[in-house]
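Engineer: Sending over a structure as structure tokens; questions will come in a sec.
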């Protein structure tokens, strides 16, 4: 498998509970390397822009409120098959359906407060990385 990069986000429900280190450790223990990271407090505009794909979904307003409720850690991860590996480590969106030992099974509070986000494909990874990071901020 090729070395690739993916986007990862530790959401406010997790940062408020001081889980940034624990979640990052789970990612690193799985063989992913953090090549960029920053802590941000999303504005409403940033959250609406980042999640624009969901703007017509019934949960959009609640999603934006949650994402602007506290600090978020945005990261670029690198490794073999990083996109799939990150999604496997995160677990199912609904923590009730997540496999044992995944981030969401261990740390998520609910489907709405599921602690993490990760890119689902190479195209979205590139788009999401570019949304939060300039090329000079990514240090391999």
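Positions of Cβ are set from backbone N, Cα and C atoms, glycine also.
Okay, so Swiss-Prot annotates it like this:
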ACT_SITE  117  active site, pros-phosphohistidine intermediate
BINDING   11, 59, 87, 93, 104, 114  ATP binding site
Engineer: Long-range same-chain neighbours of residue 87 (ATP binding site), Cβ under 8 Å, sequence gap at least 6?
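Structural biologist: Expected: 118, 120.
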Engineer: Among 11, 59, 87, 93, 104, 114, the annotated ATP contacts, find the widest CA pair distance and round it to a whole Å.
Structural biologist: 21
Engineer: With an 8 Å cut-off on Cβ-Cβ distance and a minimum sequence separation of at least 6, pull the same-chain contacts of residue 59 (ATP binding site), or say none.
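Structural biologist: Residue 59 (ATP binding site) has long-range Cβ partners 112.
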Engineer: Would you pick out, from the binding-site residues 93, 114, the residue whose Cβ has the largest number of other Cβ atoms within 10 Å?
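Structural biologist: Result for the most crowded candidate: 114.
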Engineer: Using Cβ atoms only, which residues of the same chain lie under 8 Å from residue 117 (active site, pros-phosphohistidine intermediate) while being at least 6 residues apart in sequence?
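Structural biologist: In sequence order, the residues whose Cβ lies under 8 Å from that of residue 117 (active site, pros-phosphohistidine intermediate) (at least 6 apart) are 7, 8, 9, 11.
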Engineer: Does DSSP give residue 117 (active site, pros-phosphohistidine intermediate) helix, strand or coil?
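Structural biologist: Once the DSSP labels are grouped into three classes, residue 117 (active site, pros-phosphohistidine intermediate) ends up as strand.
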Engineer: Only counting partners 6 or more residues apart, tell me which same-chain residues put their Cβ under 8 Å from the Cβ of residue 104 (ATP binding site).
Structural biologist: 90, 91, 92, 93, 94, 95, 98, 114, 115, 116
Engineer: Under DSSP, is residue 104 (ATP binding site) helix, strand or coil?
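Structural biologist: Looking at the DSSP assignment, residue 104 (ATP binding site) belongs to a helix.
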